[in-house]
Amino acid sequence: MSIQALENILLIVLSSIVLIKAVETFSKSASCLAKHFDISSYTISFVLVALATSLPEVLVGVESALKGTQELSFGNAIGSNIALLSLVPAVVLLFAKKVSSRRVFSTKDIYFAIIFSCLTLGLAYDNLVSRIDALILLACYLIYTVAFLEKSSLSEKVLEKLHHKDLLKQVTLFVISLLVLVTASEFIVRSSLGISQSLGISIAFVGLTLTAVGTSLPEIVFSIKAVEEHDDSSVMGNLIGSVIVNSTVVIAITALVNPITIINSVAMLNSGLFALLAMIVFFIFSDSQKNINRFEALVLLVIYIGFIARQFFIN
């Protein structure tokens, strides 16, 4: 193994440690903000935390678009969705016997997560995500988010309690920890790319696997911290919200910078089908007994392993 590869591995380890510490502060400040504005953990995780923890995917999207490797971002967004609904629950359930979904989320939210994912795959059916397609995805996200905020009366609650001496401290901690989190994730992604490029692996494969897991680390660590604090609603809100952000905002921003041309259509089609499978199974498990237990998490993990094995076969 080359010295450069060893340096990349060391950088991944160090960045992961920094990431974990940043998420600890990030999750605490998010919880304090939710309590301050008297809104549910699910609501703030679904909107604010999901958007924040998806920033690594956005950065990968912009960077790949500027470098002309937009397929990396598309694969990253789809691969991240698969990881969020299969790998993440499996990892989280190592720290808890079950994750409760009782009265935590509206089934409408996950319905729309599936709809937005199908819409993204449909728009990419011709192997191109144009700027018009990007505007459609952004419009869908904005309309749904505005409707969600109106339903939860979030804007009114924020305005009512906007002026408070402790608010500035929590917002500052939230922003600083978020910047550290994004920076650490960026180092992890770049190091993963360095390792993969030395092995001659395709861009689509890298996006669907290595960078997908790397950019999902904020959600993984945030979910683990939330479970340790018995805050299952934050876990569900972050996972479902992140899937919606990845399916719309991440791909849309990338395509606006530079339209996405999909070269490895077979890999993308297979990953899209796995993403839909993971979503449907996740929804069935979370809605059946109002919780996800370790056996169900194992089933989700098998889906993820099957996805990785399939990508290796295609690659």
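Cβ from N, Cα, C; glycine included.
Automatic, uncurated: that is what TrEMBL annotation is.
Quick look at what TrEMBL lists:
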- 6-27: transmembrane segment (TRANSMEM)
- 9-148: domain 'Sodium/calcium exchanger membrane region' (DOMAIN)
- 39-62: transmembrane segment (TRANSMEM)
- 74-96: transmembrane segment (TRANSMEM)
- 108-125: transmembrane segment (TRANSMEM)
- 171-189: transmembrane segment (TRANSMEM)
- 171-312: domain 'Sodium/calcium exchanger membrane region' (DOMAIN)
- 201-224: transmembrane segment (TRANSMEM)
- 236-256: transmembrane segment (TRANSMEM)
- 262-285: transmembrane segment (TRANSMEM)
- 297-314: transmembrane segment (TRANSMEM)
Spatial neighbours of the transmembrane segment (108-125) far in sequence, C-beta under 8 Å, 6+ residues away:
46, 74, 77, 81, 133, 136-137, 140-141, 144, 148, 240, 243-244, 247-248, 251, 260, 262, 268, 272, 275-276, 279-280, 282-283, 286
Who are the chain neighbours of the transmembrane segment (6-27) in space, where the CB to CB distance is under 8 Å and they lie at least 6 residues beyond its ends?
52, 173-174, 176-178, 180-181, 184-185, 187-188, 191-192, 194-195, 217-218, 221-222, 225-226, 229, 234
Per DSSP, what is the residue count of the domain 'Sodium/calcium exchanger membrane region' (9-148) in each of helix, strand and coil?
112 helix, 5 strand, 23 coil
For the transmembrane segment (39-62) and the transmembrane segment (262-285), check the count of CB pairs under 8 Å (sequence separation 6 or more) and say whether it reaches 3 or more.
no
Going by DSSP, how much of the domain 'Sodium/calcium exchanger membrane region' (171-312) is helix, how much is strand and how much is coil, in residues?
122 helix, 5 strand, 15 coil
